[in-house]
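Positions annotated as domain 'G-protein coupled receptors family 1 profile' by TrEMBL: 40-289. Taken from TrEMBL, the feature transmembrane segment applies to 24-47, 59-77, 97-119, 139-157, 196-224, 236-260, 272-291.
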Amino acid sequence: QSGNLSTVSEFVLVGLSDAPEVCFLLFVLFLLIYLTTLAGNITILVAISTDTHLHNPMYFFLGNLSLLDILCPTVTVPKMLEALLLENRVISFTGCMFQLFFLIDVVGTEIFLLALMAYDRYVAICHPLHYMNIMSMKLCAHLAIGTWVVGFLNSLLHTSMIFTLPFCESNAIDQYYCDIPPVLALSCSPTYSREMVILLVAGLLGSSAFVVTLISYTYILLAVLHMKSPESRHKAFSTCGSHLAAVCLFYGTTIGTYALPSSTYSPAQGRIVSMLYGILTPLLNPLIYSLRNKEVKNAL
C-alpha cells in the first residue's frame, strides 16, 4: 500500500547464539537429543507393530504418540541444526508457512491424543470388566483418526489466519523456528481480530482436552486410593503420577505459548518453553509411557 514498504519473501531466524564455539556445542547437544528421540520412539513403534501382545488399545495410542514425538522435533530441529552448523538462518516464506503448519498440526493432535489416552486409562482402571467392549479397536481407530483430522483443521485455520496477513520491512523472527507469536509480531497490519479468533479456538480446544484429561486422572486417582494392596496402590500411583507430570508439562507449555496474546510474548521465555514441549517432551515420553512398562520391555 505504501511505496516504501516491500513484501517479505523470506525470514531470518535470529533466536540462536552468534558465538561459533557456543553454536558448535549447541549443535552437538541438540543433535544427540534429536537422534536419541528418534531412536527411542522408532524402537517403541517397532515393538508395538511386531509384538502381538501389544496389539491392544493402550499400545495403539502409544504408537500414535511415538509417531507424533518423531514428527514434532523433525519439523524444527533439522533447520535449527543447519543454522547452528552452517550459519544458514534464512527460511523462505513458503518454508516458514509449512513449518508452522506442521508444528501446530502435530502439537494440536498430541493434545487431543493425550486426552484420549487419559480416558483409555480411566476405562481400564475404573471399568476393567467392560474395557474391551467400550474401547474396541474399531472405536480406537476412529478416535485416533479424529484427533489427526481435528489437529489438521486446527492448524489449517491458524496458518491461514497468520500467513494471509501482510509482512513488510522486518523479517527477523526472534525464535529458532517459525512460531505463531514471533511471526504475528512481524506483521505490518493490525492483528487484534485474528489473535482473538486464534485465542478463542486454541482456548476452547485446549481447555476441553485438558478438562477431559484432568477428570479422567481424578477418577483414576480415586480408584487407586480404594485399592487394598499397598503394592498395587504404589505401582498405580507411580504410573499415574509420571503420566500426569508429562501431561501437565506438555499442556502447561503449549497453552502458555498459544493461549496468550502476542503482546505478552517474551523471546527468551518463548525459546525455553518451546524447547520443553518441542524437544524435551518427545525425548521423555518413551521413557515415561513405554520403556518403564514390563510388557514393552519383554517385547524389546
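Yeah, the Cβs are placed from backbone N, Cα and C, and that goes for glycine too.
When each of 59-77, 97-119, 139-157, 196-224 is checked for Cβ pairs under 8 Å to the transmembrane segment (272-291), 59-77 comes out on top. Averaged across the domain 'G-protein coupled receptors family 1 profile' (40-289), pLDDT in this predicted model comes to 85.
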